[in-house]
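As recorded in TrEMBL:
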type: SIGNAL; residues: 1-20; note: signal peptide
type: DOMAIN; residues: 301-343; note: domain 'EGF-like'
type: TRANSMEM; residues: 353-375; note: transmembrane segment
type: DOMAIN; residues: 423-707; note: domain 'Protein kinase'
type: BINDING; residues: LYS452; note: ATP binding site
type: REGION; residues: 720-739; note: region 'Disordered'
type: COMPBIAS; residues: 722-739; note: compositional bias 'Polar residues'
Amino acid sequence: MILAVLIAVLASSSARPATAATAMQPRDTCLRRCGDIDIPYPFGVGSGCHLETGDWTFSLSCNRTGDGRHRLYNYQIEVLDMSVRRGQLRIYSLINPWCYNATTRAMNDQNNWWYNMDITNFRINDALNRFTVIGCNSLAYIRSLNDTADRYMTGCMAMCPGVGRLENGSCAGVGCCQTAIPSGLNGYQISFEEKFNTSGTAGFSPCSYAVLLEAAAFDFRTTYITTDEFMAANGRQVPLVLDWAIGNKTCEEAGRNSSAYACVSSNSECVDSKYGRGKGYLCNCSAGYDGNPYLLDGCQDINECQDERYPCSVPDTCVNTIGGYSCVCPEKTSGNAYNGTCEKDKSQIGWEIAIGVSISVIVLIATASCAYMIYAKRRLAKIKREYFEQHGGLTLFDEMRSRQGLSFKLFTQEELEEATGRFDERNVIGKGANGTVYKGTTKDGDLVAIKKCRLASERQQKEFGKEMLIVSQINHRYIVKLYGCCLEVEVPMLVYKYIPNGTLYRLIHGRRDRDGPRIPFTARLKIAHQTAEALSYLHSWASPPILHGDVKTSNILLDADYTAKVSDFGASTLAPTDEAQFVTFVQGTCGYLDPEYMRTCKLTDKSDVYSFGVVLLELLTCRKALNLEELEEEKYLSSQFLLVLGENRLEEMLDPQIKREQSIEVLEQAAELAKRCLEMLGENRPSMREVAEELHRLSKLAQHPWGPPDSAELVELLRGSPSPTTYSGHSGSGVELSSTRNVSFTDTAYIGIQSPR
């Protein structure tokens with residue numbers, strides 16, 4: 001009731017009549033700061049320091065309180081801060097508890113209160129504030145005070161299934177509930193439902209709280225339920241955001257009376273209140289200006305050349321202008337300094353000299369070329385042999401002679417040039433940081449993929465041939481077969497079996513601009529399982545073990561039957577770390593890199609597990625691993641996924657198609673597996689063998705013809721899997737629902753419990 005009285009005082013004071021409405025300017029001696037709060041005009045302390053209109057006052061007072069601090073008040077309501085640009089005022093709203101009295105064995109009498117600004121131009125900001133209820137077995141209502149046709153009423157209920165279920169930071173119905181309010185609310189009444197009280201929970205939660213507050217300033221703590229910390233920590237009050245405006249006229253109407261028009265600064269403009277006609281207006285500085293539009297000459301030109309939002313692509317070319325800026329190329333240069341380059345001007349004489357020099361150079365080059373061709377022909381055979389030896393060809397040749405029945409082949413440069421049309425750019429099927437891949441056809445008519453490698457060190461060059469022989473012995477149905485290599489060139493080339501259906505990346509992300517559905521969820525699980533089997537083989541069964549090092553959707557190929565084939569077109573050759581194990585020397589791909597590898601520079605099998613987790617996320621969400629067009633916190637798919645998962649908003653990220661195809665239980669378990677793969681510490685991640693087994697189980701579960709909830713087979717399939725995370729908004733069988741309920745009412749007193757928030 002105290003809050004209601006204070007607001008009533010504010011309302012009555014704000015509505016006092018004025019004999020003359022003038023857009024006055026403040027005195028130079030006016031107080032512009034109270035404590036640590038700035039006081040921008042039209043607000044002010046004392047007569048002649050604030051804007052006055054016929055139905056509005058911006059009068060504030062700066063009082064010294066008992067703790068020695070200066071605090072700012074709008075009459076008896078404490079002000080936190082104010083914004084001229086946004087037209088907002090942040091005040092303190094009192095917290096009203098409803099508690100169980102153990103002596104009287106009854107709830108206290110104060111179970112409703114009101115807040116009225118009906119005769120002012122204050123409006124409660126609907127975007128920044130939330131109606132919040134804290135307690136156990138608590139149901140509170142908030143309703144508008146007017147009796148018009150747009151009367152509003154809603155409710156929020158908080159329950160406590162058990163103290164152990166309470167969670168810090170969560171306001172989803174367990175101990176805490178929040179709901180939105182409508183736009184334009186200028187008064188409200190809050191009341192508790194007497195049938196829902198804390199008499200049954202008084203032993204650990206005697207009080208309930210209902211308050212309208214700024215959502216960003218509130219963070220639920222479990223101790224708010226079991227103690228009086230919510231009242232004590234916040235001083236019995238919480239922030240509330242109000243919108244304000246000038247007067248009750250539109251911009252057009254106010255502009256007719258220049259003596260009372262508040263937008264007095266040049267280079268300013270008027271904006272009607274967002275709450276509609278008759279709700280006042282605000283003033284803003286025009287584009288290219290900043291400052292206070294309510295003061296004479298308050299809007300000043302912005303120096304865009306000192307602001308990173310207005311860059312010129314060429315340094316030191318920005319020129320500030322009144323209300324704007326320009327990017328001007330320096331003297332004796334021309335071009336586009338905004339988003340291009342500035343080039344030096346060339347005179348006609350300069351061009352003539354350049355042409356003459358060019359002709360001379362061409363003649364010289366032609367003569368030298370003829371002489372070099374004769375010399376190069378003699379050296380060609382020698383150079384090829386040097387390259388062959390340099391890349392470990394002799395070692396490889398000896399190994400091949402000692403092993404009978406090897407299908408690995410040494411190709412000549414001429415054979416690969418013929419297969420690719422002399423490496424025609426039209427035959428390029430892939431480019432990466434470590435090589436370029438061409439499509440080709442051998443003399444035998446076999447389609448092959450030919451990769452030009454890039455070697456990082458002299459040791460890699462010497463060991464290249466031997467390591468390729470090791471890789472060629474990998475024989476797994478989900479790994480691309482290596483046919484052979486060519487070592488008689490400066491850049492070694494690998495020859496793989498050609499896989500016709502492109503990459504998994506293209507399959508997932510290449511249909512964004514096409515009509516029709518993407519691949520079904522069961523096919524995605526199949527591809528993920530096959531990929532996991534391939535990586536598990538490399539880690540556990542290959543001899544010696546091999547780490548892939550660059551697992552990503554563009555390194556997973558699909559054959560004619562859409563069977564996954566793991567390739568390594570983007571990685572370097574193998575590099576040994578000790579006598580027993582070979583790892584792939586990689587640079588990796590942004591979005592897939594293991595954070596532990598980035599920190600320690602040590603590549604392990606768990607690095608492949610992390611990268612595979614990102615691939616699994618792409619299959620579940622159809623989003624790219626790295627999207628530079630998104631906000632900073634949403635660029636990386638893995639970071640965005642862990643954030644959304646922590647906020648119980650998994651369904652927002654899932655591909656809508658698989659949500660229609662598959663039960664949420666299976667999708668949640670797949671997401672849980674991805675989360676385990678993305679653990680920051682490698683030791684906490686599962687092995688690829690465990691990942692493959694879990695995907696095999698999920699594949700069976702996804703294809704299972706769902707029967708009764710007690711089906712023995714279903715129980716067996718679900719056994720051992722992590723408990724599905726609770727996601728609010730879903731009501732499928734077997735998923736625990738949040739306790740939040742938003743109760744809405746109409747004038748006919750119809751009550752409906754909405755979906756959990």
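Heads up, the Cβ atoms here are built off N, Cα and C, so glycines get one too.
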Could you tell me what the rest of the chain brings near the domain 'EGF-like' (301-343), counting residues at least six beyond its ends with Cβ under 8 Å? 267, 286-290
For the domain 'EGF-like' (301-343), how many residues does DSSP put in helix, in strand and in coil? 3 helix, 14 strand, 26 coil
For the domain 'EGF-like' (301-343), report the average pLDDT of the model, please. 78
